[in-house]
Amino acid sequence: MARKKIAVLGSTGSIGTQTLDVVARDPEAYEVVALAAGTRTDELLEQALRFKPQIVSVATRELADKLSGELPAGIRVVCGDEGLIEAAAGAGADTVVCALMGSIGLASTMAAIEAGAAIALANKETLVSAGHLVMKLAAERGVPIIPVDSEHSAIYQCLNGEDRKAVKRLIVTASGGSFRDRTRDRLKDVTVEDALKHPNWSMGAKITIDSATMVNKGLEVIEAHWLFGLPYEQIDVLLHPESIVHSMVEFTDTSVIAQLGNPDMRVPIQYALTYPHRHSSPAAPLDLVKAGALHFREMDLERFPCLRLAYEAGRTGGTAPTVFNAANEAAVARFLKGELPFLAIESVIEQVLGKHRALPQPELDAILDADRWARREAASLF
Ligand SMILES: NC(=O)C1=CN([C@@H]2O[C@H](COP(=O)(O)OP(=O)(O)OC[C@H]3O[C@@H](n4cnc5c(N)ncnc54)[C@H](OP(=O)(O)O)[C@@H]3O)[C@@H](O)[C@H]2O)C=CC1
Ligand SMILES: CC(=O)[C@@H](O)[C@H](O)COP(=O)(O)O
Ligand SMILES: [Mn+2]
């Protein structure tokens with residue numbers, strides 16, 4: 001059987017490296033045809049020498065020139081936004097793993113869909129920013145969007161073969177992030193280092209901060225709305241500190257189907273690559289006796305106001321989720337640089353959303369304008 005051709009956008013990141021780990025374990029099944037990253041060229045060089053893709057993309061022309069000299073002539077080195085699009089659509093990938101961080105992934109995801117590749121989607125900011133455009137294009141091209149995000153992979157698995165009309169609600173689980181058990185008073189002076197200590201998952205810096213602010217769950221609620229076509233009234237969030245139940249679906253007959261497993265992203269990544277089949281995985285098997293007890297708590301929107309803001313932005317629709325996402329990206333980048341205190345992240349998002357008049361059914365230009373505007377506004381606060 002021909003090997004599945006895979007392009008990995010964001011190959012040097014947490015999802016990207018775990019994708020390559022999954023791929024490397026089954027060399028008969030996969031061929032890596034493109035790799036795209038930003039600035040971590042040492043890691044990218046190693047990946048390119050190992051997987052021998054046709055195309056490698058980096059952030060800038062300078063980095064591309066440097067990398068070209070170190071790679072065999074058969075590997076084309078491209079760069080910038082155009083390079084991402086080349087990697088997504090120019091190497092004939094059957095599946096494109098979208099694992100860039102942030103709404104920068106939008107254009108390359110759209111290009112991959114245009115090219116007819118299946119999408120293994122980790123990059124949730126893309127759907128949050130322009131879900132209506134991405135889903136419409138995928139439907140027009142007949143392209144499947146298979147979620148990699150653990151909660152959405154769980155829901156996708158729970159819904160497999162079920163009658164959608166029988167779905168009462170989705171229950172998205174949330175670990176609570178690094179500061180789950182702190183009161184708001186105790187969030188004033190937290191450090192970047194503290195915020196980066198997720199209790200259950202080892203992930204990139206931005207999503208780890210999003211987990212601590214509960215923005216991640218807000219992005220995931222909006223992501224679920226687009227992926228599964230359900231209104232916000234049918235998407236709930238439940239605190240689950242152990243991150244073993246990755247999410248659940250409640251049906252009209254009161255049955256609840258859940259997907260469980262140890263927190264290991266290689267499982268949803270692999271599922272997105274092998275769907276509708278399952279293969280053995282390097283993840284540790286789940287031992288429920290060892291886990292002992294699983295806990296669930298009601299979500300507190302006063303303790304975690306970013307989740308409330310996300311629901312509000314999602315319900316408003318149009319460019320509101322674009323602005324929610326872009327303001328957050330800008331605020332988190334500033335927090336990580338030490339320019340803003342932790343609690344300023346939510347305040348920046350709220351203020352920028354407060355200034356925004358959402359445009360309904362925006363085309364791509366309006367999305368990009370709103371994204372740029374929100375970043376400028378977020379940069380000017382505090
Ligand atoms: N990590 C996880 O477990 C999970 C992640 N996700 C989602 O997956 C996505 C990726 O997350 P994660 O892997 O943690 O992020 P990382 O920060 O670890 O990796 C991000 C990747 O994107 C690349 N990148 C960033 N900016 C650019 C740019 N301007 N041009 C080209 N490449 C760029 C980085 O390249 P470089 O580093 O070389 O600059 C890196 O390869 C996010 O949307 C996240 O929310 C979802 C569920 C779980
Ligand atoms: C692994 C994954 O999918 C992350 O999005 C994870 O869910 C973060 O955990 P919390 O946002 O629940 O803390
Ligand atoms: Mn998730």
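Just so you know, glycine gets a Cβ as well, placed from its N, Cα and C.
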Site co-member for NADPH according to TrEMBL, given T12, G13, S14, I15, N123, E125, G204, out of G38, G177, G229:
G38
Given that TrEMBL annotates S150, E151, S175, H198, S211, N216, K217, E220 as 1-deoxy-D-xylulose 5-phosphate-binding, name the residue from K124, K136, K165, K290 that shares the site.
K124
DSSP says what for the domain '1-deoxy-D-xylulose 5-phosphate reductoisomerase N-terminal' (6-131): how many helix, strand, coil residues?
60 helix, 27 strand, 39 coil
With a 10 Å radius around each C-beta, find which of these binding-site residues (T12, S14, N123, N216) has the fewest other C-beta atoms nearby.
S14
Residues K124, S150, E151, S175, H198, S211, N216, K217, E220 binding 1-deoxy-D-xylulose 5-phosphate per the record - widest CA separation, whole Å:
19
If H, G and I count as helix, E and B as strand, and all else as coil, what does DSSP give for D149 (Mn(2+) binding site)?
coil
